[in-house]
Structures are given as C-alpha cells and as structure tokens.
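A.B. asks: Pasting a structure below so you can have a look.
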Amino acid sequence: MSGSKSVSPPGYAAQTAASPAPRGGPEHRAAWGEADSRANGYPHAPGGSTRGSTKRSGGAVTPQQQQRLASRWRGGDDDEDPPLSGDDPLAGGFGFSFRSKSAWQERGGDDGGRGSRRQRRGAAGGGSTRAPPAGGSGSSAAAAAAAGGTEVRPRSVELGLEERRGKGRAAEELEPGTGIVEDGDGSEDGGSSVASGSGTGAVLSLGACCLALLQIFRSKKFPSDKLERLYQRYFFRLNQSSLTMLMAVLVLVCLVMLAFHAARPPLQIAYLAVLAAAVGVILIMAVLCNRAAFHQDHMGLACYALIAVVLAVQVVGLLLPQPRSASEGIWWTVFFIYTIYTLLPVRMRAAVLSGVLLSALHLAISLHTNSQDQFLLKQLVSNVLIFSCTNIVGVCTHYPAEVSQRQAFQETRECIQARLHSQRENQQQERLLLSVLPRHVAMEMKADINAKQEDMMFHKIYIQKHDNVSILFADIEGFTSLASQCTAQELVMTLNELFARFDKLAAENHCLRIKILGDCYYCVSGLPEARADHAHCCVEMGMDMIEAISLVREVTGVNVNMRVGIHSGRVHCGVLGLRKWQFDVWSNDVTLANHMEAGGKAGRIHITKATLNYLNGDYEVEPGCGGDRNAYLKEHSIETFLILSCTQKRKEEKAMIAKMNRQRTNSIGHNPPHWGAERPFYNHLGGNQVSKEMKRMGFEDPKDKNAQESANPEDEVDEFLGRAIDARSIDRLRSEHVRKFLLTFREPDLEKKYSKQVDDRFGAYVACASLVFLFICFVQITIVPHSLFMLSFYLSCFLLLALVVFVSVIYACVKLFPTPLQTLSRKIVRSKKNSTLVGVFTITLVFLSAFVNMFMCNSKNLVGCLAEEHNITVNQVNACHVMESAFNYSLGDEQGFCGSPQPNCNFPEYFTYSVLLSLLACSVFLQISCIGKLVLMLAIEFIYVLIVEVPGVTLFDNADLLVTANAIDFSNNGTSQCPEHATKVALKVVTPIIISVFVLALYLHAQQVESTARLDFLWKLQATEEKEEMEELQAYNRRLLHNILPKDVAAHFLARERRNDELYYQSCECVAVMFASIANFSEFYVELEANNEGVECLRLLNEIIADFDEIISEDRFRQLEKIKTIGSTYMAASGLNDSTYDKAGKTHIKAIADFAMKLMDQMKYINEHSFNNFQMKIGLNIGPVVAGVIGARKPQYDIWGNTVNVASRMDSTGVPDRIQVTTDMYQVLAANTYQLECRGVVKVKGKGEMMTYFLNGGPPLS
C-alpha cells in the first residue's frame, strides 16, 4: 500500500470568526500556473525560486517569456486576512520562528546567497518559468473543438474582392465544409469563399472571382432549416421595423406622385384612384404588420403583397400621366428598386427579380409610348444603364448587409455555443472539484485566484477548526490475503469497487470521506456543516461498512473483515502545500481515532468515552479494553468501548427516519438516488449478472438503470438561442444603450470598442462606388454631347478611383504586393477614420462626375430667344411657339440655339438621375455612420440644388419647354393645333423634392443598418463576455484540478460522465518512488492556546511542504510528480508516463535522487532559520507500479504495488537525516557515479531481511 496509515497531528488552518489566522503569500496562484503549464506540456518553476533550476535543453528563459507568464498567471498578489488576535504566538513571545525558506532571511547575516521569497521574485522577474504557448490554457480551443463537424457556420463571400480576415479566434475562422448554402440547390458554396488566417495572403483567380460574383446574386440560407428559422426569428423585429419604414417612404413617394400629378392638369381619375388605393393598402398593411398577432410566417406574405402594390403603381404611373417622355418615372423606378433591395426583408432572388421586373416594365412602357421619338434610343440606353447601376448597387448593399447579419447571428450563436459548452465542462469540473475538496475550501481557493492580494511573508494556508465532530477510521483486516489472490490491476479494481460503496454509505450517513490510505478508509461527520448527531452518523457508518464487508466475504470466500475505530473531538481540516492538494484533517483527536482503529477488533466498532457521551445511551456497549491491544491507548489511559447493538428506542427512531425519507421521495415523484450502474466484483462474478447478495448491498443490475440520454448540444444551443431571442427587447436595448438620433453608445467604452471594428469589405465598397462612376460616365457619354473636357475629366477621375480601388483591395491579398503598399492598405482599411475619409473622397469624385458636364452645355435662355423671335413678352411664351419657330427647335437637336457655340443638353434630368446614383453610392459604404452619411448627402443635395436653381436653371427650363413641345407634336401627329392644357411640373421644382425624398429614404436605411449593426454588436458582446466569464471560471477550475490530479487523469474524468465503478489505471514499468518524513514532527506538534490550538504548528508544516512543492516545480524536476502528503510525510514519484519515463538514460531515477538530496538541504536550511531541529528520513525504491484513481465520483489519484510498499518501508526503517535506498536503486545510481554507502541488512516488515544503502551525494564534479 502507499505508505503508512498513521496520521500525524499536524493540521490545517483553523480560520474561525473568533480567532482568524493570517494568510500567506500568493504562491497558490503560482501553483495553478504550474499546473496549467504542465497541462500544456511546458515546465514551470515558481517565480520565487532560484534554486539552481536547469533549463530544458535550451538555455535560459528570456525576460520576455518571464514577463508574459507573469502577466498571464499573476494578476495580482493575494489579500491578507485580518491579523492575529492578541494571543498571537508571534506577538506573545512564542519560543520559535515560523519562517520558511521562501520567507526566512538572516537579519544582518549571510544567507549564503539565499534571499527572501520577495527578494528572489524581484530578482528573477517572474522566475525561471517557461512561457506557455500563445492561446493560454486551451479552454477556448476546447470550446471550439466541442463543436466538431456539426457546427454550422456561414461562409463569407466578400463580393469576390477580398478574403475573410482571421479574427484570431477559433470561433471566427471559416472552415471548409460548413457555411451558407444557396437557396434551392442544397449544395455548399464550395469555392466561393476565400478564407485565411490573419496576416496570410490569397491569390484570387479570375474564375474564383467570377464564381464569387455569381454567388452574390443567389439567395443565402443556412443548411439547417431549424437554424434558418432561428435566424429569421433573430431579425424578425428588425425586419418588421424595416418593413414599416419602407411602407412609410412608399406612402411618401405616392403622395409626391399625386402632388406632381395634381400640379399639371387635367387630372386623371384612374391615376388618382390607383395611387390613393395604393396609399390606403400600404397604410392598412402597416397597421396589420405592427399588431401583436403579426409573426414570422406573415412576413413573406406582406413583402410580396407590397411588391405587387409597387408594380401596380409603376404601371399606372407610366401609362396615364401626360406629357409622355422616356425619362418620366425614372426617379421613382430607381427609388422602388433600391428600397426593395435595402428595406424589404426578402431573399436576394426575390429582390433581383423585382428589380429586373420594374426595370423591364419602365423600358417596355417607354418604348411603347415614345416609339416615334428620334432620340428614344439614346434615352433607352441611358435608362438601361441607370437601372442596371441601381440593381447592382442594390445587390452590393443587400449582400454585405445580409452577410453581416448572418455572420453576426452565427458569431452570437457560436459565443452561446462556446458558453454552453464551457458551462457544461465547468459543471463537470465543479462536480469533480467538489468531490475532491469541500465547497468552502474550493470556493476560497478560486476567490484567491481572482483577488489582487499583497505579497505576504507566509504562504496562504486554507484551514478551519471544528470543535464537535466524530472521526471514523476503518481498516480491512485480511486484505493482504485478498490482495495476494489477484494482480495489481485487480487489486485496484477491488479497492475501487469497495471504496465506491463506502463513499455511497458515507453520503447516506452524513459523513465526509477524508482520504484513503492503502486499505484504510477514514471519514468525519460534522464537516463542513456542524451536526448534533455526528457520533450517531459515524456509528451507523461503521455498522454499514461491517455489513458490506460481510457480504464481500460471502461473495469472495476470503476471510476479510472491518476494524472500525471512532473518536469525537476537535479537528483542523483543509489542505497544506502548493501542489496536489488533498483535503485532510489533523489534531490529537485524529491521532487518537487512528489508534482506536488499530486497537479495535475485527467486525466491531471501537469507540472512546467521548463518543459514548454523544450517543445518549442509544446503543448498547461493552468495555473495549483498547489499552490491551494498543500501546498508545494504554499510555494515555484511554477508556474504550465496543458497540453491541442499537437500543429499541434507537431502532424505532431509525425506522421512523427511513419511513419519512420514503414518503419524501414519493412526494417528489421520482425514485430515490441510487449508486450508479455499478458492477462490483465483476471479475469474481464472471458476467454481467448481479447476484442476490450484491443487490442486498445496494448494487443494481445495469439493465435496471434508466440511462439518461444527453441532449444534442446543437439542439441545446438552438433552444437557448430561441429563448434568448424571445426574451430580448430591441426597444429596451436601444433606449438603454444607444442614443436615439446619433446612434452612438451611451457608454464611451462600448463606443470605443465598436469604433475599432474593422470592415473587411471596404475594398468592395470602393469598387462598387467606382462601378457607379463608370455607369454615370456611360450614361452621360450616351445622353450628353461630347467634349474634350468630358473626356479629360472622366479619365482623370477614373485613374484616381482605380488607384483607390487598387490600394483598398490590396488588403485582401497583401502578400502579392510590396510592403509599403501593404502598410498603406492596412492603414486605410483598419482605421475607421482613414476609411471614412477615403470613402468621402470616392463619393465626392462620383458626385462631381454626375453634374460637372452641365457647365459645358448651352446656357442660353430658349424662352428669351422665342420671345425675341415672336416679338412677345417672356411670360407669353409657351410650347406652341417652339413648334412655330423658324429655327426648328427640338429635343433631338444638339446644335447650340440662340447663336451659342456650346451644344444643347436637352435632357438635364439625367444629371439629376446621375446625382441620385451618386447618393446610392454613398449608401454603399456601410462603415460610414448614418449621421456622416446624412451630412454628406445633405451637402450633395445643397450643392446640386444650388446649381440647378442658379447657374443651371435655364438648362432645366429649356428642357421643360422642349419636352412639352415634343409631347404636343407627338399627340397632334404633325398638325398645327396647339392645345393649351399640355403642361408639366418644372424640373427645377421636381429636382429638390425627389432628391430630398432620396436623402430621407437613404438616411432611414443608413440608420436602420447602423442600428442593426450596433444591436448585433451589443448582443454579441454580451454573449462574448458571458462566454469569457464562463471560460475564465473554467480555467480557474482546470488549474485547480490540475493541481489536484495529473492533467491526463483530470482530462479522463472530464471527458464524460463516469460511473462510480469505472476504473482509471495504467501500469508503469519502472517508477522511482520516494517517501520523505519529518521523523520528529509529532513531538513538535502541540495544541496550546498560545499557538492557536496547534494552528501555528501546522502553519510551519505548510511552509515546509510549500518549499518542497516549489522545489519539485523546478524545471530540472519536471519528471517528478507529487503524489500526496500523509501528515508530515511527503510522497513523490517519477516516470509515471511516457513524457517523464526515460527507459534508456534513467534520468527520471537520477532526478528523484537529486530531489531527495535537495529536500535534505532544504530541511537543514529550515532548521537554521526556524531555530528547530527537524530530522528527515527519506526512502527510495524503483520498480513497477499501478497508477490509478479510486472512485470515479470522488477520485483520489494514487500508486500501488510492492514498489510503493518497499519505498515506504525504506522511510520507516531509515535513519534520521539519511536517504535509504534499495539494491535496485543502488545499482542504477552507482552506475551513474552517485556516492553511496552500504548500510547492511535491515529487517523490513512483510519483506524479511533486505540489503539497503545510504545515498550520500551526487556524482563528483568533473
């Protein structure tokens, strides 16, 4: 077994309200850092150590590595508890000092180069710790890995112009085989995305770009219908708001159209009726869409009904009004097309079909009603260009917005998924953690990780004192015989099965299992919460254990029995040291309880007088005569008793309690908790059947257990997201976090985070705006007379825009270009200020190209010329005078009239339409704030309206006159009649109105886009923060667990839920085992009021063990694993896994020998500075062991085998201040020139006579 069962008095910190004890330094955080470093495959040495640690085959650790590690794991120093009360032994002249090596220093003397822990930390600057790799503890990677192949992520198709930039987070990396599929084809967008990590480049082939552009025009959806419905629910309220906004602007447009029609008589009833009906229908739909009964399924129906209304308005608006012109109705057609793309929540396919249908209707009706115009071809070509540009801009606006929304939804879902995964894993960690440590200890430790605490002279000691508890020790008598009949693996399985049963009994009897030492099991009742019936609980526990072992005896045929000893009194409980914490209890009463078990009888419960007094006569007893069987009991004159049976009164009470428990269980409506799906003594039964005796012990047949199938993680995420969508209130989020008009966050920190977001599609925005510029150029080249200025200006603008596009798109494939260009591109794209300036510059060039040719047109006033020709006043001129003019003025004549050398621009309304396109280009830049867009669009409107109304007013007046004359000529079919009713609304009146309508609609769209983006950012930020908090808690638990269990063992038990009988063990071929005990510590330990009832003695022991833990954490001892402490005995081993076992060089054996010598030196140092005379005995042995965990639900890692037993005997039979080794150990060390001497033959219990040796020193220095 793994060492002696004797438990020394030293204890655990009693932190009570009446007598709080001071806390030590922050080394427990270093302990967690070490555990996590080892978990990531990197060695760790605490920051305060300069004990000559050697580095792993690679020289010294750099200061940068030290700084990274220090900043990662040392968030701050630990807080100090309130100081000791007036009876502080340090203040009261207690006769010894309690400074460990990490804190002790000579006052004015020479420490031999050793400073205080604080000095060493300052000198080391973080210690010799090797920094872990970027990415930390790996919790995020674990969360990402949990998603596996089932996770659904949208694939980004960035308009075919740039790749998806890596965000540095696994949740944002796009993976092949996942993403958005095209609507209807059910296949994935295989080569449509270009994905790379941050800082990588990608070569975009022409075929890939074309394919990506084709994908843009196709509707996107998630492969999962359930996920797609969740996405629609996610944006339902925002879509409802967009739909309402669209209805409002459509009503406004219809009213403007009605006003224009009313301003040019004669009125047409059909036109008025259709538009009035359209307004009424839209208003009714708006009311219905904002009712509570309106839900997601109604959205599509409302959208398509609205498209039908728009198509009706389009047809009536083009067919009925007079005078007819191919340029009539372009502005509202552009408006309808663009708003369908941007404000109507429909799929891309529906939006494209609607836009094309509206364009085709306008072109067809224009061709039909204006077929006799000689200049119709130019107008139709220009109209095609305008509608094509509008559709493309609509696609370029709709697509990024939808992709952004889908990515925001998916990233939020991924955050929730990672959070739920972390939560599940954290719950598993919590269960595992709380099965090893009581809740109050574990919570205090985790709180200390977070707290920023001051550096203290002493290490933090986690200790509590409990005055009224009962301690039970139980040993299996005859276990040696049972063990001799099975292999080491079968022995571990037997222990696991038996002690799992004892753990269940302990829970039922309100006892807390403390530790398992070999075949010894001890527990305490009254911890952590006090109980008045603690003695009864321990006695009942002892009876159940004896009954359980009797059934084991029946099943196995081996004469095994339980020897139980119980004592009631006071304990100190908690953990000692910095590594591999195990909850334990210490006190003189614990020592007495241990001897009560040793002096007891098989199959009987041996109690002291103190325990008997707590039983209140509920049990019949007889004298125990423990002093006859145990020297300790005899020496201290302990009166003992043996339990005979329960009294009748106690039996009735137990029956009543059992009945109440059954009634309580039945009222809850489920079966009482059972002890898992255990298969105890499976090897002895030879099958899956559970015998009658086993059922009597409480073990259940696996077939009888109702296995609970774990929910699908994907379904759990979707269900959680659905609840969150239903619970969130967009209006509340807006009012609480976002200013109403400016749409900025109320909290400056949120605004700062939002402003730092990088929009990777900026190059696509610039490219789209440049495309608008090209369309404007083609429109004006088609409809406006050519000039040298036009050619030179457009060529200059094209070169400038091409340069801007080139620099912006470099960001998507940086490695293909020189470093200066890469730097310039990053500075533009990654800076919101720079990208906004570049966007404004691009929009300015597009706007200038829309109207600059106006200044090259004939600015003579046609009305004045006609008045002069007909000798009438200007007010008397009308369209009929144009027809009667000798100069034959017409819309198709580009020759300058009135003697002007400049050509006529007879269609100035196309300048206005070009300006409308430039406004659409403004809306493409999604990264520009809505207020910025509003200011920019108002500036464009002001400048253009000013030009129209002042220098260009004659251009528009001339066009109005010519259009009216052309319509009259067309309606009269060449006759000389001139009806006076042929009028139209002046372009100089129409232009400001339609531009204002566009500015309003584009501002509302910009506000909607930004509001959506900010709310998505806010919700994703909240989900991310919750996920990070969960991951932070998970990291705390993981570091704490790795400081309790080896990392591979912890990972095994965290992988999934384990049954109590599931066994974890591994056979190790050649392990070096060390037991190091402070031989005379029991003499030092006393419980006096002056030393806080022994707490200060335990504080010194904690300092000693902490120093040992710091030594074992050094890099040169990375092959060693601390197993546990048993009182004042320190147990360690090396070579327990492939990474620490050196079969050829035996370095793990030499490492444990060096470690043993280092402990001897450290103890001398402690004695020198604490004015004590502690004597250490160390035993070493090598050989095969079995390493494993007993109890899957309450795991305890240990090693077993003959090698462990002999190593323990080397310690117990050793000589103070010497290191005793076996012959096997001697042969390995002697071969490596270690200095040893032969002690001779030593009589070892259970082994007979053995030849042993003393280790005196390491290899001589060469």
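A Cβ is built for glycine as well, from the same backbone N, Cα and C atoms used for every other residue.
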A.B. asks: Going by Swiss-Prot, Asp475, Ile476 bind Mg(2+) 2; tell me which of Asp373, Asp519, Asp533, Asp544 is listed for that site too.
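C.D. replies: As annotated by Swiss-Prot, Asp475, Ile476 share the Mg(2+) 2 site with Asp519, chosen from Asp373, Asp519, Asp533, Asp544.
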A.B. asks: Looking at Asn834, Asn1137, which is the one Swiss-Prot tags with N-linked glycosylation site?
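C.D. replies: So the answer, going by Swiss-Prot, is Asn834.
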A.B. asks: Check the candidates Asn468, Asn973 against Swiss-Prot and report the one noted as N-linked glycosylation site.
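C.D. replies: Among Asn468, Asn973, the residue Swiss-Prot annotates as N-linked glycosylation site is Asn973.
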A.B. asks: For Leu517 (ATP binding site), list the number of other Cβ atoms lying within 10 Å of its Cβ atom.
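C.D. replies: Its Cβ shell of radius 10 Å holds 23 other Cβ atoms.
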A.B. asks: Looking only at the domain 'Guanylate cyclase 2' (1072-1211), how are its residues distributed among DSSP helix, strand and coil?
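C.D. replies: With helix first, then strand, then coil, the domain 'Guanylate cyclase 2' (1072-1211) has 62 helix, 40 strand, 38 coil.
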A.B. asks: Indicate whether Asn239 (N-linked glycosylation site) is helix, strand or coil by DSSP.
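C.D. replies: Looking at the DSSP assignment, Asn239 (N-linked glycosylation site) belongs to a helix.
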A.B. asks: To the nearest Å, how far is the Cα of Ile1199 (ATP binding site) from the Cα of Asn239 (N-linked glycosylation site)?
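C.D. replies: Asn239 (N-linked glycosylation site) has its Cα 63 Å from the Cα of Ile1199 (ATP binding site).
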A.B. asks: I'd like to know which of the recorded positions Asn239, Ser755, Asn834, Asn871 sit within 10 A of Arg1209 (ATP binding site) at the Cα level.
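C.D. replies: Candidates kept after distance check: none.
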A.B. asks: Specify the nearest of the binding-site residues Asp475, Gly478, Leu517 to Asn239 (N-linked glycosylation site), where nearness means the distance between Cα atoms.
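C.D. replies: Sorting the binding-site residues by distance from Asn239 (N-linked glycosylation site), the top entry is Leu517.
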A.B. asks: Tell me the Cβ neighbour count for Val1206 (ATP binding site), meaning other Cβ atoms within 10 Å of its Cβ, over all protein chains shown.
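C.D. replies: Taking every protein chain into account, the count is 23.
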A.B. asks: Check the recorded positions Asn239, Ser755, Asn834 for other C-beta atoms within 10 angstroms of each C-beta and report the one with the most.
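C.D. replies: Counting Cβ neighbours within 10 Å, the top one is Asn239.
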A.B. asks: Take the C-alpha atoms of Leu517 (ATP binding site) and Ser755 (phosphoserine) and report the distance between them in angstrom, rounded.
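C.D. replies: So the alpha carbons of Leu517 (ATP binding site) and Ser755 (phosphoserine) sit roughly 60 Å from each other.
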A.B. asks: Rounded to a whole number, how many Å is the Cα of Ser755 (phosphoserine) away from the Cα of Val1206 (ATP binding site)?
C.D. replies: 67
A.B. asks: Could you give the Cα-Cα distance between Asp475 (ATP binding site) and Asn834 (N-linked glycosylation site), in whole Å?
C.D. replies: 77
